[in-house]
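Scroll down for the structure; my scribbles are underneath it.
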Amino acid sequence: MKDSSFTGDAENGGYNGYKPWNSGGSGSSSHLLVKRVMRIIVFFVGFAMLWIFLYNSASPFGFPSISKQFIGPSTKEIYDPKLESVLKNASMGEKTVIITTLNDAWAEPGSIFDLFLESFHIGNQTEKLLNHLVVITLDQKAHSRCLALHPHCFQLETKGDNFTSEAFFMTPGYLHMMWRRIEFLGSVLELGYNFVFTDTDIMWLRDPFTEFYQDADFQIACDFFNGNSYDLKNMPNGGFTYVKSNERTIWFYKFWFASKNAYPKMHDQDVLNQIKRHPLISEMKLSIRFLSTAFFGGFCQPSRDLNKVSTMHANCCVGLDNKINDLKILLEDWSKYMALPENEKRVSHSSWSVPQSCRTSFQRSKQRKDNGKSL
């Protein structure tokens, strides 16, 4: 939008509607004054143009400039009766479901999906939650495998994309898969369903619903938790979220998805770190809480007390085989703990034997990245 004060100057030769002095005479002082006025006008016009450019591309704080009233196009899933049927059949009270995504690489026998389901079976009062788990499959092989093991499966249209093989971190296929997930979860909110989204490499060991905050719109696990659930300096992990469906969260998921254009080389989690302080989020009064790693742990920052832990995530881990190896060990540790008599569990100092392979793979990956930066 043009500033009328500057527009008026430009249309009238830069003199606010007044004709310039006649420079044909000997008035050198008048000529000098005109030059100074012109310089001032050029400066302010240039400053205004720069401000407009920054406003339209990003705010001065580096935030994408997206209107509070931004409403993106509704995704196709909203009108898919199959999806609505699957969500309805899996829903617990107050239209809440648990959602995970699955591709062929993680659905192979003995791979991540088998370990994921096993964790529900051996967890403390978690088996009943399988009745409310919806598995979103990203290819036909994963869908067939899901139907063989679980009642609530929905195959997501991926518009010609191939999500069958393992998606390596930060590759174009990985980024596209992550953003497709955000787009889909937004459509679930628009259908009026609350959800717990969980990566399939998260082991469910206790019912997490008792540890969620009742007054939050959007709750998210952390790679590293600093002890304050309100602190935006926490490092969130998008692999585990609890989101309530309302106008604020529906807007937020659209805002989050649209923000990928402002940060084209980042994945959803890093974009979240960029936008979590955006003033529009405060203006929308979206309530965000970060979940403690004491209850929602992972290989980055493990839950130390097995009497408290609800979930454990194979984060800070590179490579499918390394995840499988360490998650198997984790479930063995948990089974040993669960086999203890109740009175011994309460005083037990049981701890995890992991990460092992994941720690080594992550350190090597980090070292390669650091070496690349130093070149």
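Counting begins at 1 with the first residue displayed.
Glycine is no exception: its Cβ is also placed from the backbone N, Cα and C atoms.
Note that the structure is a prediction, hence the values are computed from the model and not measured.
Here is what TrEMBL records for this protein:
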- 355-364: compositional bias 'Polar residues' (COMPBIAS)
- 129-327: domain 'Nucleotide-diphospho-sugar transferase' (DOMAIN)
- 355-375: region 'Disordered' (REGION)
- 37-55: transmembrane segment (TRANSMEM)
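Taking the domain 'Nucleotide-diphospho-sugar transferase' (129-327) as a whole, pLDDT averages 91 in the prediction. Same-chain residues lying 6 or more positions outside the compositional bias 'Polar residues' (355-364) and placing a CB less than 8 Å from one of its CB atoms are 299, 302, 314, 316-319, 321-323, 325-326, 329. Sorting each residue of the compositional bias 'Polar residues' (355-364) by its DSSP state yields 8 helix, 0 strand, 2 coil.
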